[in-house]
Amino acid sequence: MTLDIATVSTPIGPITLIARDGKLVGLEFSARKDRVRWLRKRLTDHLGEFDTREHKDPAGAATRLRRYFAGDSNALDDQPVELHGTEFERSVWKQLKRIPTGRTISYRTLAERVGQPSAARAVGGANGRNPIALFVPCHRVIAADGTLGGYGGGLDRKRQLLKLEGALEPTLL
């Protein structure tokens, strides 16, 4: 199997996208040099072994990313995706897609929405295993006390994304 891959320059650093059959299957924010190898390792468990080929716009995701960073807050909403995970993870990711741009919810609220009110930590774990962060917007989940909580792409990146979406007030220096 051969998957389409591209790395897109964005205001928050390079984002590597992987797609198959017109659906986004993986995304890596990391500026690390081995990000493609890291993404391959994460996807192989669900997809099996695969080759990659450079593609200008895998599943249209690169175009959607550019629109998003240019100010189109809904640009990522209609991206076709293929998600692989446990039933619980998929239920969390489905709820993440329902959080409107510019809004945040707590890990506890997200746990309640998936019918597991005492599973806030498990929700955090599912967020951390989200293979398509940004398109499945786990950055919109924050701690109950209003702090950012965690983020696989780094808290700086999470803060930038939430500011871009209008979910955080700008800070004056």
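Indices start at 1 and increase along the chain as displayed.
Every residue gets a Cβ built from N, Cα and C, even glycine.
Note on the domain 'Methylguanine DNA methyltransferase ribonuclease-like' (7-82): mean pLDDT across this stretch is 89. Feature annotation from TrEMBL assigns domain 'Methylguanine DNA methyltransferase ribonuclease-like' to 7-82.
Residues or ranges marked as domain 'Methylated-DNA-[protein]-cysteine S-methyltransferase DNA binding' by TrEMBL: 87-167. With helix defined as DSSP H, G or I and strand as E or B, the domain 'Methylated-DNA-[protein]-cysteine S-methyltransferase DNA binding' (87-167) counts 39 helix, 6 strand, 36 coil.
For C138, the entry in TrEMBL reads active site, nucleophile.
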Around C138 (active site, nucleophile), which residues of its chain at least 6 apart sit with Cβ under 8 Å of its Cβ? L96, N127, G128, N130, Y151, G152
